[in-house]
Amino acid sequence: MFKLSTAAVGLLCLADAVSAYVPAARSIEHSTILERADQIDSEYDYIIVGGGTSGLTVADRLTESGKYSVLVLELGHFQNGTSVTTVSGGISAIFDPTLYFLFPSVPQSGLNNRTIGVVGGVMLGGSSGVNGMQVMRGQKEDYDRWGSYFGPNTEWSWDGLLPYFKKAWNFHPPSPQLTRENNIKYDTRYWGNTSNVHASFPSFLWPFIKTQVAAFGDLPGVEYAPDSGSGKPGVIWWPTSSTPSVLRSFARPGHWDGVETRSNYHTLVDQKVLKVLFQGKKATGVLFVPVGSTDLSQSRTVKAKKEIILAAGTIHTPQILQASGVGPKDILEAAGVPVVVDLPGVGSNFQDHPFSVGANFNLSKFDIHPDPTDLQTNQTFIALAEAEFAANRTGPLSVGVTNAGAFLPFPVIAPATFKSIADRYEAQDPAAYLPRGTPPTVIAGYQAQKKGLAKLLRSRGASVYNVIMRGTFTVENVVYLHPLSRGTVHINTTDPYFAQPLVDYRALSNPADLDVLVEFLSFTRKLFLETRLNAYGPFELVPGANVTARADILASLRDNMNPSTFHPIGTSSMLPLELGGVVDQKLLVYGVKGLSVVDASTFPDLIGAYTQQTTYAVAEKVSRIATFRKLNCEC
């Protein structure tokens, strides 16, 4: 069986409490949205498959000059209701079955053969920023590591991406009073102020967050970063993906609404792209059907003069590539798909941020109010919060999930063991814990990653451990930012076009992950038992204070860990071809012409933060690369 997490269900309860008190959906202007597939032109300069975070960002940039025609084909549909346009109510979009996909992974042998719900947004604009999600970027070392895979002088690095981080967001700092009362650290030098995608702070913070933030300072080695965008690890304050008026800010209002209607820009929703069409090695068009159809007689084709850009996400981009004949030869042949190019890296290198990997605590002596539970149980407080929000769009209902958390280096988590754990990991045979039969180039790519990740485990400049502070009596869901295991996403060879792909997280397949996560538990216990939080009566719920033996700790991990925080990456990696790469530094697919990928599947490895902000920055950067501006010899 698979299901959504307990934490997600709790967020649904919060959404129910506030969704009735949000304004009507905003008015919109947009590209020409087509009502029927027979309204499309026969040919466009660019076809973008996927109208989510990266797809709509690139589409906006390509069409703004008026020189190029663009068609966006989106699997989901257009939704402008309050469930997706407001911060507090936005989480309910996750629970509208028309706005997400949900299917089981393959059984996870490392998690007692549990299947995991594979979840992703399916709507125009994508699911990033739901409920005012956290806006943060990874550490400088993360992006410099990406560049190192290509050698010196690469444009993929912290310095190469920083201008696009600034371009991608319009930053609104917290009020002076909120900053002063909570000692919030931020630095506007890391942000821009011209984008239509907004990052804002609420007008209110739960009072106990200040204590939780301060508690980290009671532990040796913990630092406080100057800004969530500074490229440094530590305890940070971050804005949420919302406008100052507390409307959810995501790719649709940022890059589709509010754009003057462009005759060169068409959008067609509720369409499933089955495959890219080729003439020889040149991508020339796509084949698609209406969502829900499994009848090829209902399929249509549309041609691209310059380029087809895949932005279908980490789960479905490799499925489209493989179904098109671009991928590992053995899988394509097993599925009966004609091979266009044998590209072994397609679908490999799958990664996500696991959560529920530390101890979960309740505070039995907690008596600080208001706290988030008051929005569910205290009728007087609910009435006051509703009235303030209705009058001014301020107060507790302006808060998303939270705005503070810790992103900490491994030497801080495990000062006595970090070096030996990193050394053992670096000494591994790179093929030992990858899937049997992994192609040599993919093994070489993991070897290159392993070198960089071992360095990361020894570094005080990169984070591996994350926990957020919500200002209430329960703390759960520690997140593992750099898992060492690698999974796969491959087509179902019995039904490559219409069945969901086979998603295998291969959770805990690398034993080095277990070494790291045992240290996570120890550190989390210290956070509650050896800091000022101890005064609030911490009670360990999972795995339980009596669980101290390594075997019992690992058994609890296998019972409770979820391998996905909905941050999947890596299945179409930007790596050199000899390292199992799928796209080059211009995000062009190896071995073919006129085909590129722009979504998070191109990330070669995970960053020490959540992935939304980096996805925007990559899309902004790619939009400036010559291959998306003019027809050249590489298209």
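Glycine is treated like the rest: Cβ placed from N, Cα and C.
The annotation FAD binding site is assigned in TrEMBL to Thr53, Ser54, Val273. Look at TrEMBL and you will find 313-327 tagged as domain 'Glucose-methanol-choline oxidoreductase N-terminal'. Annotation source TrEMBL lists signal peptide at 1-20.
Farthest C-alpha pair in the FAD-binding residues Thr53, Ser54, Val273: 18 Å apart.
Non-local neighbourhood of Val273 (FAD binding site): Val49, Leu73, Leu75, Val286, Leu287, Phe288, Ala312, Ile320, each in the same chain, at least six residues away, with C-beta under 8 Å from its C-beta.
Here the domain 'Glucose-methanol-choline oxidoreductase N-terminal' (313-327) is broken down by DSSP into helix, strand and coil counts: 11 helix, 2 strand, 2 coil. Long-range Cβ contacts of Ser54 (FAD binding site) within its own chain (separation 6+, distance under 8 Å): Ala251, Ala311, Val598, Asp599, Ala600, Thr615, Tyr616, Val618, Ala619. The number of other CB atoms found within 10 A of the CB of Thr53 (FAD binding site), across every protein chain shown, is 32.
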